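S.K.: Before I ask anything, let me first share the structure, which is written out below as structure tokens.
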Amino acid sequence: MSVIRNILNSRSSKGGNFFNTLHKLLGFRPKDLSVYERAFTHRSLNVKDPSGNPINYERLEFLGDAMLGSVIASHLYQEVPEGDEGYLTKMRSKIVSRKHLNELGKDLNLIRFVKSNIPNDQFGVNIHGNIFEALVGAIYLDRGYKYCNRFIYNRVIEPYVDIETLEGRVISYKSLLIEWCQKQKKEFNYQVYEDTGRDELKHFAVKLWIDKKVIAKARATSKKKAEEKASKRAYYALQNKMN
């Protein structure tokens, strides 16, 4: 119990640096600092409550994801009355994309609050978006929907959500390319081939074929990333034909 208390309460005093920094970041006074401590606790600490349940940000991340989706959906519904379900879903996906959430987390420098047994430079890039979602979840638990809605509006919607700009933002180059190939009745294929790189991490190499011609090649640490990278290169190579 003392270990749990020390980890979660080490910064949880009102008037302390953690409280003051959070107050400035959120735009309002947090009430239950322990919720925010949990939002910045990484699973690598392997902390558990008396019932054996893990204490980390992952459940708050789930909650924050749902709150972001709800608030953004409500905003789009009110601001774009002419948008149908498909359009609104597409716009929401662009706003809450992993890339965008990572940028938000980086801009707020949330990683400075994270407690873990892993050096910060060894985290994957998605840590920034994950803890941003966890923070949103913590706000909801601490202050309710009103304050959560206000934070999302001030930090996400007002500075970043411009419908005209979003309409031109590509979520997935692979999806865009597949849609174009299908409309143009073109054959396409993503071929995984042997990667000859000497990186320590395993890489996947992909060739993108369109109408029996290699249009682009790419390599990355996952097949999905390599296919997206190849699709992006193909998109720019074929941009004049696709637009």
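Placed from the backbone N, Cα and C atoms, the Cβ positions cover glycine too.
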S.K.: Among Glu37, Glu58, Glu61, which is the one Swiss-Prot gives for the Mg(2+) site where Asn130, Glu133 also bind?
M.R.: Glu61
S.K.: Do you know offhand how many angstrom separate Asn130 (Mg(2+) binding site) and Asp65 (active site) by C-alpha?
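M.R.: Given the Cα positions, Asn130 (Mg(2+) binding site) is 9 Å from Asp65 (active site).
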S.K.: If one measures from the C-alpha of Glu133 (active site) to the C-alpha of Glu61 (Mg(2+) binding site), what distance in angstrom results, rounded to a whole number?
M.R.: 5
